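Below is one structure, written out as structure tokens, with a few remarks after it.
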Amino acid sequence: MDYKHFKGKHANIVIEIISLLEKGVKKAQEILEKPDAGSYTKLENSSGDTPIKADLALDKFLEENFLSLENIKSVFSEEKETPVTKENGSYLIAYDPLDGSSVMEANFLVGTIIGIYEKDYKAQNLVASLYVVFGHKIELMVALEEVYRYAFYQNKFHFIETIVLENKGKIVASGGNQKDFSLGLKKALEGFFAENYRLRYSGSMVADVHHVLIKKGGMFSYPQKKLRKLFEVFPLALIIEKAKGEAFYFDKGVKKRLLEQSVESYHEKSECYLASPHEAQILEKHLKGE
């Protein structure tokens with residue numbers, strides 16, 4: 001893989017993790033392709049969800065590999081109650097081993113989300129993030145100074161493009177139970193569809209955000225507090241912001257940056273809006289004051 005795009009203080013750890021992922025893609029594919037990979041276990045993870053077999057197998061594989069990196073001090077999976085910590089190292093990893101596992105049996109796009117933190121698990125300490133999506137193609141998205149898209153081919157990740165969101169998109173991925181949507185959100189969505197926006201919600205957050213990114217604009221929303229800050233929300237928020245979009249939530253009707261949220265507990269959840277600038281403006285107009 002060509003690492004010429006990665007510069008700055010945190011470039012080396014990003015390169016190390018990508019190199020690790022590049023070597024591990026085939027093993028991950030094997031895990032996902034097993035006939036019973038989508039079968040539910042009888043366990044319950046720290047977030048109260050029932051993991052599928054592929055969740056646990058990928059988690060074990062990733063944890064072992066992340067801990068093998070000398071500069072990693074702590075590794076934290078959403079499947080675990082607390083982080084696994086070493087004596088040495090500078091960086092901390094929080095990851096969702098298999099985002100979208102609930103739709104895997106339908107053969108929808110799933111992925112691994114990774115946040116790289118420094119010193120402590122806080123939004124302000126998130127220095128880079130990335131995800132890998134598994135479908136008929138395998139792609140990697142990396143946020144450091146900018147956002148870079150890669151495709152896996154012949155055992156390597158190949159650079160495709162630098163992602164920059166346009167001011168306005170044409171797709172909407174609105175997750176959650178619509179009967180619980182606020183009046184403001186319902187009006188915003190009605191306005192988008194009146195402008196011929198297309199609904200592109202799959203039930204896999206990483207897939208839906210990936211769609212917004214490769215289409216260069218649009219909006220992903222999940223207004224209920226269901227998504228985990230450290231493992232899903234913060235890493236994808238960083239990618240959206242580095243792509244010149246906006247990542248936010250509403251606190252008593254006031255729009256605020258997701259990456260300025262505090263974290264009171266490891267598995268704390270948040271509402272989440274990820275959008276290009278025009279869609280962010282429309283959402284604020286309708287949800288302000290609610």
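Using N, Cα and C of the backbone, Cβ positions are placed for all residues, glycine too.
Binding site for Mg(2+) 2 per Swiss-Prot: D96, D99, plus E232 from the candidate set E232, E241, E246, E260. Summary of the site annotation: Swiss-Prot records Mg(2+) 1 binding at D96, L98. Screening the candidates E78, E79, E118 against this entry identifies E78 as the one listed for that site.
G100 (substrate binding site) and E78 (Mg(2+) 1 binding site) are 13 Å apart (CA-CA, integer value). E232 (Mg(2+) 2 binding site) has D96 as its nearest neighbour among the binding-site residues D96, G100, S102, K226, going by CA to CA distance. If you take the C-beta of D99 (Mg(2+) 2 binding site) and look for same-chain residues 6 or more apart in sequence within under 8 angstroms, you find V110, G111, T112, I113, Y131, S204, M205, V206, E232.
Around D96 (Mg(2+) 1 binding site), the same-chain residues at least 6 positions away in sequence with a Cβ under 8 Å from its Cβ are S77, E78, T112, I113, V206, R228, F231, E232.
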